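Lifted from TrEMBL, the feature list:
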- 1-31: region 'Disordered' (REGION)
- 11-21: compositional bias 'Basic and acidic residues' (COMPBIAS)
- 44-74: region 'Disordered' (REGION)
- 63-74: compositional bias 'Basic residues' (COMPBIAS)
- 160-294: domain 'YDG' (DOMAIN)
- 373-438: domain 'Pre-SET' (DOMAIN)
- 441-582: domain 'SET' (DOMAIN)
Amino acid sequence: MDKSWCPIEAEPLRSVDDSHNQTEGTSSPLPLIVTPLQTITPFEDSNTESLASDAGPSTGLVKRGRDRPKGSKNMKISMKKQKTYATNSKVVTSNRNFNSGITEAERETGNQEVVDSVLMRFESVRRRLCQLDYKKSVLTTALSNCMNLGVRTNMRKRIGPVPGVEVGDIFYFWGEMCLVGLHTQMVAECPLATSVVSSGHYNDETEELETLVYTGHGGTDKNGQAIDQKLVRGNLALEASKNKGNEVRVIRGEEDPNDKKKKFYIYDGLYVVSEYWTTKGKSGFQEYKFRLVRKQGQPPGYANWKSAERWRKVGSNNSKKGFILADLSLGSEASSPVSLVNEINENDKERPEDFSYTNNQLFVSRTIDLLHRSIGCNDCFGQLCSIHEDTNCYCIKKNGGKLPYLDRILVYRKPMIYECGHSCACPPECKLKVTQNLLKVRVEVFKTEKCGWGLRSLEPIRAGTFICGFAGMRKMIQEVEEDDEYVFDTSRVFNPFRWNCEPELVGEDCWEQTSEVYNIKSRLLISARKDGNVSRFMNHSCSPNVMWQPIESEQNHELCIRIAFFAMRHIPPLTELRYDYGMSEEIKEKDGTKTFKGRKICLCDSIKCRGSFG
């Protein structure tokens, strides 16, 4: 956690290290106080039921569409700018022309659609600030801007479930949990505990799947010296929750397998405080211990992570439920073997229909005229492509002068992203060759209940992470077999969505936004039926968690296009990976308007299901 987020108290509370985005010695916006314990002060005649998330719908404004608004484009703009930005900062304190698309009622009580929107927008702001090389506190600025412009939900304090947040959901920053109401600041009054975060920095006992022994707060005086913990503040709230018997939301922090210096957080559902006691801690002073027991009947959260962690470390073998094959890629993915399992029917060892595993993801767009066109970034002289005042990197200039990736994470969608190619002087690990590497995310092919074989991850995937490219054979339309279910077609109609940062959320004008409409010169039709990679197992969803992005690069004096898949949002381990297949059939309505539908019945079961795809 950013150090500026820690409460200024004589008795400091635990914090989480998100300080990699903080530059010391710089001012930062006023933060929201975030602690490892959230509390609530009940009414005198209150009970758990009246404070629960299912206590009934809130009343408020009529709900608008959930599509993310395009900021000031949707509003009447006055001649005088109605916005306030902090001086020499990216902190936005207000903007009357900005429309968050979230009603007052939805800010009080959200749903899954609103929660997903808020999380995607916070992450887009964070990425944009990092891309701009913003020197101040990125996390606190992103949080403040979202809060100031109304990009938040579930503001009403509640005991129990949080609408729109599912058990097993993952988070990478405290600010994300604050904005969706899962875990916010602790109030000063004598309260009940409503949520705790066990980050692993202290003496919590976290290995048990159904119980958590949580170490109390305090134990340090104002001079930083160890002292006995006391039954005050957070510890008193946990004692009150034990006596009251109310539900406590538990979020568990774990080491990020892709970055050992960072953590991610898993919402593990509802617990109750069953007992507490005191013991002598490692410092030799008294510590409070609270045992929290998980309520039965909840879907797995932390348990999914532990299972995925075990199989990722030891590899799949005959001891795994439904095991069929250790590596479907037969070594093609080097250090990331692709296991095959059928947990639906352990006795069924049938494999997917025969195909040749290939990593061929390049499809020729056009031949380069060597006499009239520059090729590659020859000025980089074997160095990693980067942005400096004296940079002359041709490939970065083609991307608008900014790297489209940050720490190998996609910053924004574009009509086309240009990567370094065969003729470039930069090395293979160049920051502009993200999609040209072998599979980096550990995935597994598994049998689904309704949709045949599917693809899921054995590790948490952060929004913007490159997952894989679509491999196969390029086809002409007349070459595609009618029953070919492994076709990627760029000419289909896809539901529009906004993933990039809204300029107003970082103090920029709306005209500065980057287009998200893909620019592919000619139809690209790829079949993975006979030749393909793991992407052929990704099923369709009308509410996908994976998106595709066209990438162009040079190969042997030819411009080639690849279709790269990136995580649309944070994806928990053992979650199926799905993208939107699009629709291909045009229908003319009686009023002359056109609509589209797919050729196959959709079984995605999402709340936004169109009923068909393909």
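Going from the start of the chain as shown, residues are counted 1 onward.
Glycine is treated like the rest: Cβ placed from N, Cα and C.
Restricting the average to the domain 'YDG' (160-294) gives a pLDDT of 90. According to DSSP, the secondary structure content of the domain 'Pre-SET' (373-438) in residues is 11 helix, 6 strand, 49 coil. Counted with DSSP, the domain 'YDG' (160-294) comes out as 18 helix, 57 strand, 60 coil.
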